Amino acid sequence: MSQGIITKVSGPLVVAEGLPEAKMFDVVKVGNQGLIGEIIEIRGERVSIQVYEETSGLGPGDPVVSTGEPLSVELGPGMLEGIFDGIQRPLDVIEKKVGSFITRGIDVPSLNREKKWKFTPKVKSGDKVSGGDIIGTVQETVIVEHRIMVPPAISGIVEDIREGEYTVTEPIARIKTDSGQIVEITMMQKWPVRKARPYKEKLPPEIPMPTGQRVIDTLFPVTKGGTACIPGPFGSGKTVVQHQLAKWADAEIVVYIGCGERGNEMTDVLLEFPELKDPKTEEPLMKRTVLIANTSNMPVAAREASIYTGITIAEYFRDMGYSVALMADSTSRWAEALREMSGRLEEMPGEEGYPAYLARRLAEFYERAGRVICLGSDNREGALTVVGAVSPPGGDLSEPVTQATLRVVKVFWALDSELAYARHFPAINWLTSYSLYSDVVEDYMNKNVSSDWGELRSEAMRLLQEEASLQEIVRLVGIDVLSTRDRLVLEVARSIREDFLHQNAFHEVDTYSSMEKQYRMLKLIMIFYQEAQKALEKGVPFSEIEKHPVREKIARAKYVEESKLTVFDEIEKEIKKAMQGLIEGGAADA
């Protein structure tokens, strides 16, 4: 370990000299308290260090010690149900040790060193293994089996492996490598956060990831291994959408990064997730969740690390063959941390003061998503889906972070303040949002849910777009100038908006809709549209169609429980019968 001295302190940036062996991104201990920092620039003898803790009290002449290792995370049993800060320090352990506030320079191991885990081998002595092979399992929580893998760079023959209870640092197996060296394998691996974990092959993202949110799954779907962003102004519901995705997305593991957002939002997650039951296993959602809390009152520099910490943990679970969803809330705060450090380094600023390399850093982050064939001889498949929230100041989508994000992500869920103020949630604007996965998902849904899924979706989108142009006419000259056909379009589009797209996150039934239920709900509205068109052609007055009691049943369909979807067949019959009754009644009057 080489030691240098501080020559300058500027907020979270510390400049030091006397570290000749220092390398980029090495972790250093700064000052007498041993604050954790990372080398982010080397110019001759001078190294610039980004410190992940409050730097008040540091001054020139204080010592700086380099560890010679990059910023790494500990990967092994004990991460699930955990809540960590941006550099993977467990907050519950810190709270027991020093109370409610994190003491500067506190050094606690990320994974519990005392707890013993029951290890069950999957290979035996004499077997040949290579990087990524699963050599055994640990039942980490009731619903997640933690698969212990050979580290990526190691291959050879298993010399010794035993079942039993071990801590994460005790050897569970010994492998004789091809060069004859004996390597001891523990349940814990260390991995540098800025380096993507390796895989065999990247696959196209073709399988949809149902989220239970109708506007997302039907109109703007995301796939397993896909990338999505949620930009929106303050108060438009970004965090609630992220929470909904974390709760109901069809992923086996969820990593939730609270990066620079309010502390009470992380508190909500901590209070809600243990109470909520996973629809597939009926166990608390917390049993499959890792939380990274790096709230707005924590040091700015640690926000940058938190995003990388989160995605490295997510990649590790992906390598086991799991489908992982990563929520980053919000990447704007991360970009602001980059801007602050760039300013302190006196770099040439780009647009709005952000560094010129902002787009590259964002692309590097989102490119770590994907559906892959993992390392290992069993060719297992894993997927990592990344959803990043963006908080543009004033909801201005032309600002650099949003624009750089849009260049790399494939799904854009644009949150609209007008919809939010009108209490339409989720406030995803159906006219400006898009998904580049919709064609792939359409093929999948046509095969697996119903052959007319694609037609229904296209028709719904057409009606919503037609409604937008008709509303302009209505605003200018009033609704009376519209033909009855146009008035029907407005009425059906309103039904799509209010009865289908609008969803109550806090209602026990409406909070989640399966793909089957979404299809049945949309089909009801479209059957009503087709039957109402026939009734209009037969001369039935529009007012009678508009006021018919069957409309109420369509509106209440969202509250039908998943176990009672046969109710939709009855409502379909009622709609056809009601419209037929209107036609026959009109014919009798004539």
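The first residue you see is number 1, and the count goes up from there.
Placed from the backbone N, Cα and C atoms, the Cβ positions cover glycine too.
Here Swiss-Prot flags G232, P233, F234, G235, S236, G237, K238, T239 as ATP binding site.
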Which of G232, G235, all binding-site residues, has a Cβ with the fewest other Cβ atoms inside 10 Å: G235
Filtered by Cβ under 8 Å and at least 6 apart in sequence, the residues in the chain of G237 (ATP binding site) near it are L415, A420, F425, P426, A427
Env. residues of ATP site, Cβ within 8 Å of mean position of G232, P233, F234, G235, S236, G237, K238, T239 Cβ: S391, L415, S417, A420, A427
So of S236, T239, which of the binding-site residues has the fewest other Cβ atoms within 10 Å around its own Cβ? T239
So if I draw a 10 Å sphere around the Cβ of K238 (ATP binding site), how many other Cβ atoms end up inside it? 26
